[in-house]
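Student: Per TrEMBL, domain 'Tetrahydrofolate dehydrogenase/cyclohydrolase catalytic' is recorded for 6-120. What TrEMBL records for 139-280 is domain 'Tetrahydrofolate dehydrogenase/cyclohydrolase NAD(P)-binding'. Feature annotation from TrEMBL assigns NADP(+) binding site to Gly165, Arg166, Ser167, Ile231.
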Amino acid sequence: MSENVINGKQIVADIRGKLKEEIDLLAAEGFRPGLAVVLVGEDPASAVYVRNKAKACEQVGIYSEVHRLPAETSQVELLELVDKLNRDTKIHGILVQLPLPKHISEDAVIDAIAVEKDVDGFHPINVGNLSIGKPSLLPCTPAGVIEIIKRTGITISGKRAVVIGRSNIVGKPVSMLLLRENATVTVCHSRTENMKELCREADILVVAIGKPKFVTKEFVKPGAVVIDVGINRLEDGTLAGDVDFNDVVDTAGPITPVPGVVGPMTITMLLHNTLQAAKALRA
Ligand SMILES: NC(=O)C1=CN([C@@H]2O[C@H](COP(=O)(O)OP(=O)(O)OC[C@H]3O[C@@H](n4cnc5c(N)ncnc54)[C@H](OP(=O)(O)O)[C@@H]3O)[C@@H](O)[C@H]2O)C=CC1
Ligand SMILES: Nc1nc(=O)c2c([nH]1)NC[C@@H]1CN(c3ccc(C(=O)N[C@@H](CCC(=O)O)C(=O)O)cc3)C=[N+]21
């Protein structure tokens with residue numbers, strides 16, 4: 001593989017190793033961080049992610065429990081479970097897997113999660129604190145993206161960053177974090193005109209649109225950092241990012257393959273957030 005391809009295994013192993021050391025020290029004092037993951041319904045992709053999260057917790061010594069609820073679960077029943085987890089002292093992080101079935105309001109559920117246990121960083125108070133630059137639990141995928149960019153060795157401050165996508169869970173918070181790192185940030189979306197030209201000015205290009213292989217080399221300035229958040233399952237069952245990796249790899253500088261980097265980093269940031277939340281709740 002070309003040397004500009006970012007090695008997710010190495011980054012993830014390094015961070016998880018450090019987390020484990022810190023968690024082992026807490027365990028020696030009789031304290032263990034705990035994460036509750038709630039999965040409503042049978043979405044196969046969600047089931048894979050939830051299994052990966054439980055495995056990752058075990059790897060670093062975080063207590064975890066998975067609550068699997070049937071698709072027919074009512075909003076009231078789900079809110080009752082969230083309330084119980086909010087009051088459970090073994091649990092320091094709560095993640096309700098999205099998307100939820102249509103009859104349940106995602107906003108109502110996110111609002112119900114205790115701000116201190118919101119390890120997804122989706123609660124409006126955490127979102128608000130992020131936007132005004134106060135400490136908060138950061139959303140996992142965006143925090144992972146920043147960590148990956150920093151580990152390429154480039155300085156974010158002063159660089160031109162272009163983000164494609166403006167969702168509340170990826171595009172918008174990635175843009176806020178890049179701004180906080182003093183990048184000059186442009187956010188593109190489905191109404192953006194001249195997107196290729198804008199992207200070609202980027203020193204850092206982050207793509208989160210949900211369209212397989214959408215970004216080709218015409219979007220990429222030679223040597224630019226390219227971070228592909230997209231995870232799309234193709235008809236043949238394989239996974240593809242939003243970036244046409246084979247087309248872009250010889251033009252880009254450091255670039256993330258899919259699968260292998262942003263997904264596992266998202267889970268790693270979830271472990272990090274659970275440890276932060278546990279320490280804050282213990283203090
Ligand atoms: N690796 C990980 O951990 C995670 C990966 N993902 C993946 O990231 C991708 C994006 O997810 P998410 O943000 O939730 O997706 P959403 O569907 O919520 O948002 C997609 C965004 O992309 C924009 N968009 C769509 N098509 C185009 C286009 N042709 N040109 C420009 N902009 C476009 C939309 O614009 P508009 O707002 O105008 O509609 C929207 O802002 C998906 O593949 C998802 O699976 C998501 C979460 C975590
Ligand atoms: N409340 C909530 N929080 C989330 O963080 C959240 C969510 N809901 N809903 C769905 C998205 C998606 N997401 C992923 C996590 C890990 C991988 C991951 O580990 N991906 C592996 C491959 C996994 C596979 O083989 O399918 C990789 O990219 O290498 C992917 C996607 C978290 N999300």
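A Cβ is built for glycine as well, from the same backbone N, Cα and C atoms used for every other residue.
Could you give the neighbours, burial and distances for every feature on this list?
Tutor: Counting residues per DSSP class in helix, strand and coil order gives 61 helix, 18 strand, 36 coil for the domain 'Tetrahydrofolate dehydrogenase/cyclohydrolase catalytic' (6-120).
Residue counts for the domain 'Tetrahydrofolate dehydrogenase/cyclohydrolase NAD(P)-binding' (139-280) under DSSP, split into helix (H, G, I), strand (E, B) and coil, are 54 helix, 25 strand, 63 coil.
Annotation for Ser167 (NADP(+) binding site): spatial neighbours Ala208, criterion Cβ-Cβ under 8 Å with sequence separation of six or more.
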Student: Roughly how wide, in whole Å, is the group Gly165, Arg166, Ser167, Ile231 that binds NADP(+), by largest Cα to Cα distance?
Tutor: 16
Student: Around Gly165 (NADP(+) binding site), how many other CB atoms lie within 10 A of its CB?
Tutor: 23
Student: If you average per-residue pLDDT over the domain 'Tetrahydrofolate dehydrogenase/cyclohydrolase NAD(P)-binding' (139-280), what number do you get?
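Tutor: Averaged over the domain 'Tetrahydrofolate dehydrogenase/cyclohydrolase NAD(P)-binding' (139-280), per-residue pLDDT gives 98.
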Student: Quick one: which of the binding-site residues (Gly165, Arg166, Ser167, Ile231) have their CB closer than 6 Å to ligand 2?
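Tutor: List returned for ligand 2: Ile231.
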